[in-house]
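First the structure, in the form of structure tokens, and then the observations on it.
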Amino acid sequence: MSANTRPSGPPTQTYDSAFLRACRREPVPHTPVWFMRQAGRSLPEYLKVREGIPMLESCMRPELVTEITMQPVRRHRVDAAIFFSDIVVPLKAIGVDLDIKPGVGPVVAEPIRRRADLERLRALTPDDVAYVTEAIGMLTGELGATPLIGFAGAPFTLASYLVEGGPSRNHENTKALMYGDPELWADLLDRLADITAAFLKVQIEAGASAVQLFDSWVGALSPADYRRAVMPASAKVFDAVAGYGVPRIHFGVGTGELLGLMGEAGADVVGVDWRVPLDEAVRRVGPGKALQGNLDPAVLFAPREAVEEQADRVLRAAADLEGHVFNLGHGVLPTTDPDALTRLVEHVHTRTAR
Ligand code: CP3
């Protein structure tokens, strides 16, 4: 699978969308909006179609994936769809024994802590995730001019789940390995970079118009440790998909001190959580990159006027950016009122109509 098996750039029918134009820092008819975790538990229609089907199994059914991916596009009129899957799907696909426990998150049966454990992380081939290719084929037909965002977990965040064996607040085992055995750590992240790159390539080849690399938990590191122990692996992922000419988005939580380095790793668009205003974030990231963000997802629990006031604050801070994709500073919280999301999309579109 090489970068030359499909023409460079996103599929032509999505090329001129507001979302892709903003990613390329071109003028837009309105600021594009989408939400991390827009498909999922905040939607009653999601809960209905998922009833009785375990999370990972639902990711392997192309028709269900297509329906769930489309739900927020139909309901909220967001400017982009995000492929319904999970960051641990490629690990499951290569045979890692793991599950997603409701209310907990990914749980790994045998954590990876020793050199011999690396053998369990074999290379990912497109055949391992044929259901992804099939689902994206169905989706691009239904989406038409609306771009589909493919995604993957970044090496550090995947390593955290694999080494801890599940979600972790302090990443004790992960950091013990990172500081205690730098060579094994580098080899682990390098293998994860290859798996992640292969998973993103499958999605782009199948028709994704952009990709987002989620390094959700990397904000736990200092800039010096990020540069030394994580950035080479994330940069390898971005380099591997650079030839496709589709925008590459990079996001993590609590990464205010890392924004410049995350851009440097190879992102075209840097995602920002709600802790750093976008006018400050753009100074940290530097020129030549678009920004995505950054309304606090908890703001959506406030009355409508307050939500709009906070959204306007985000838009004002973004006024001088070359490219801005409006999003939340992290995923939609499960108990969010879906109508608040629909109203927010409408508000941003109206406020920024040019
Ligand atoms: O709409 C979308 O954003 C697309 C779907 C998506 C899911 N997971 C579906 C999902 C995406 C982009 C992800 C990425 C993901 N998964 C990340 C990075 C994004 C982030 O939030 O930082 C991470 C860290 C994971 C790992 C993971 N998977 C967690 C923490 C959880 C939640 C556990 C829980 O139940 O609270 C999951 C499960 C998961 N992934 C759900 C969904 C809709 C919920 C499971 C369900 O509905 O039964």
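Positions of Cβ are set from backbone N, Cα and C atoms, glycine also.
Automated prediction, rather than curation, is the source of TrEMBL annotations.
Taken from TrEMBL, the feature substrate binding site applies to ARG37, GLN38, ALA39, GLY40, ARG41, ASP86, TYR161, SER216, HIS330. Among the features that TrEMBL reports, domain 'Uroporphyrinogen decarboxylase (URO-D)' is placed at 32-41, 149-165. Residues or ranges marked as site 'Transition state stabilizer' in TrEMBL: ASP86.
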Cα-Cα, TYR161 (substrate binding site) versus ASP86 (site 'Transition state stabilizer'), nearest Å, comes out at 13
Within the same chain, the residues 6 or more beyond the ends of the domain 'Uroporphyrinogen decarboxylase (URO-D)' (149-165) and with Cβ under 8 Å of it are 34, 80-83, 85, 87-88, 90-91, 96, 98, 105-113, 136, 171-174, 177, 185, 188-190, 192-193, 195-196, 199-200, 203-204, 208-218, 221, 230, 233-234, 237, 249-250, 252
Which binding-site residues from the set ALA39, ARG41, TYR161 come near ligand 1, judged by a Cβ under 6 Å from any of its atoms? ALA39, ARG41
Take the domain 'Uroporphyrinogen decarboxylase (URO-D)' (149-165) and count its residues per DSSP category (helix H/G/I, strand E/B, coil), listing them in that order. 10 helix, 5 strand, 2 coil
Over the span of the domain 'Uroporphyrinogen decarboxylase (URO-D)' (32-41), count residues by DSSP class, listing helix, strand and coil in order. 0 helix, 1 strand, 9 coil
Quick one: Cα separation, ARG41 (substrate binding site) versus ASP86 (site 'Transition state stabilizer'), in Å? 14
Students should find that the Cα atoms of ARG37 (substrate binding site) and ASP86 (site 'Transition state stabilizer') sit apart, in Å rounded to an integer, by 10
To the nearest whole angstrom, state the Cα distance for the pair ALA39 (substrate binding site) and ASP86 (site 'Transition state stabilizer'). 11
